[in-house]
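Notes to accompany the following structure.
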Amino acid sequence: MRHSTTLTGCATGAAGLLAATAAAAQQQSLEIIGRPQPGGTGFQPSASPVATQIHWLDGFILVIIAAITIFVTLLILYAVWRFHEKRNKVPARFTHNSPLEIAWTIVPIVILVAIGAFSLPVLFNQQEIPEADVTVKVTGYQWYWGYEYPDEEISFESYMIGSPATGGDNRMSPEVEQQLIEAGYSRDEFLLATDTAMVVPVNKTVVVQVTGADVIHSWTVPAFGVKQDAVPGRLAQLWFRAEREGIFFGQCSELCGISHAYMPITVKVVSEEAYAAWLEQARGGTYELSSVLPATPAGVSVE
């Protein structure tokens, strides 16, 4: 477990709230949804409207790119075959072809306009921050994340399980594997799972305010379609609305120093009831947040 982790909030009734709400939290069986797959080449499953739009746009542009690639490849192969010296004894001497030149000017313009017409609404949807149901401030540090719920007076830090802050050395060991198991994970989640998690309710608009404390980091959760640089001295915003309950992993996506690879992100999306129970417990005082809402492997409930 982490050597020293604190929560700021009301200091009274911590033990009572912990006992009262742990049972409610443990009834929440959370499937691990947003995570990289060995040998995977595609996107993680979409879990927000923003991610769904990005996936559609990627597929749309991929069709255009594939068509252009196939057309150009076939054109080159035809030119090599048709105008080979053996088949073209007398080389052509024309200098231009006006209809062809007009066509290869207009067609790219039409393609670019089409891409832009479908891309801009997706971009604007990401940049237009709606009214928040939940606001979370995220601060990037070397090499961990800090989370603050300003409306709830809750704040905590999040370290990778197996990092020096949790008693490890960023390598898998029997002790680290035991920590993962105690948190509800398996060794497959090493380098992804954290000792505490950002917890949000399902189907609610979450606005995340992102900043950095030392160098530039980047808070990224692929399943939500969000990535925002955490720049010291600046406060940026992103938003998402998770459409399904589960556990979603992300990672710092901006090279930030020697332990850049060891600052993952864990987001747990839960029901409104479980979220309310978590808030009540989290306000209770100082304890390990990993006990607030156990991470549970897919289909496994904690009894």
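Cβ atoms are placed via backbone N, Cα and C, with glycine included.
Database features, via Swiss-Prot:
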- 1-25: signal peptide (SIGNAL)
- 60-80: transmembrane segment (TRANSMEM)
- 104-124: transmembrane segment (TRANSMEM)
- His217, Cys252, Cys256, His260: Cu cation binding site (BINDING)
**Prompt:** When the number of other CB atoms within 10 A of each residue's CB is tallied over all shown chains, which of the binding-site residues Cys252, Cys256 has the maximum?
**Reply:** Cys252
**Complete:** Per DSSP (three-state), His260 (Cu cation binding site) is helix
**Message:** Give me the count of other Cβ atoms within 10 A of the Cβ belonging to His260 (Cu cation binding site).
**Reply:** 17
**Prompt:** What does DSSP say about His217 (Cu cation binding site): helix, strand or coil?
**Reply:** strand
**Prompt:** Under DSSP, is Cys252 (Cu cation binding site) helix, strand or coil?
**Reply:** coil
**Message:** Other residues near the Cu cation site, CB within 8 A of the CB centroid of His217, Cys252, Cys256, His260?
**Reply:** Gly140, Gln142, Trp143, Val215, Ile216, Ser218, Ser253, Glu254, Leu255, Gly257, Met263
**Same chain, 6+ residues apart, C-beta under 8 Å of the C-beta of His217 (Cu cation binding site), given in sequence order** = Gly140, Tyr141, Asp229, Ala230, Cys252, Glu254, Cys256, Met263
